[in-house]
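Just below is one structure, and these are the notes that go with it.
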């Protein structure tokens, strides 16, 4: 195999890996409920919204001085449960089970310590791209 063939093969491999790495577009709540000051960069200068979304990230160019292409909030079982940790309002008590929390029609996520694990949902009407 010649040098040109190896370069072509390497380019095809990179393109294939990029296609596999593509993620699904985040929900509007995963993007719009994240405070601009908490955005973490997910792109490069000049990235388009389509390129950003193709990488599974959020795009919002309406705020200057912060990343326009940024990582979304974590996906939840329901968009009503997608919110920053600081927005959680307690809906339970220490040690509440996911089932008891659900019976109260609240959200449950126990991945972060020292914050409410059972918390009130938010309307999805305020979510937008």
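Glycine too: its Cβ is placed from the backbone N, Cα and C atoms.
TrEMBL: automatically predicted annotations, no manual curation.
Taken from TrEMBL, the feature signal peptide applies to 1-23.
Per-residue confidence over the domain 'P-type' (29-73) averages 96 (mean pLDDT, predicted model). Here TrEMBL flags 29-73 (among others) as domain 'P-type'.
The disulfide bond feature in TrEMBL is assigned to 42-57 (among others). Annotation for residue 42 (disulfide bond): same-chain Cβ neighbours under 8 Å, separated by at least 6 residues, are 52, 55, 57, 58, 67, 69, 70, 71.
TrEMBL lists 52-69 (among others) with the feature disulfide bond.
For the domain 'P-type' (79-122), the residues of the chain that approach it from at least six positions outside its boundaries are 27-30, 33-35, 38, 73, judged by C-beta separation under 8 angstroms. Marked as domain 'P-type' by TrEMBL: 79-122 (among others).
Per TrEMBL, the feature disulfide bond maps to 81-107 (among others). Of all the Cβ atoms in the protein chains shown, 24 others lie within 10 Å of the Cβ of residue 107 (disulfide bond).
Look at TrEMBL and you will find 91-106 (among others) tagged as disulfide bond. The number of other CB atoms found within 10 A of the CB of residue 106 (disulfide bond), across every protein chain shown, is 22.
Positions annotated as disulfide bond by TrEMBL: 101-118 (among others). In sequence order, 90, 91, 92, 93, 96, 100, 101, 104, 106, 107, 108 are the residues of the chain that are 6 or more apart from residue 118 (disulfide bond) and have a CB within less than 8 Å of its CB.
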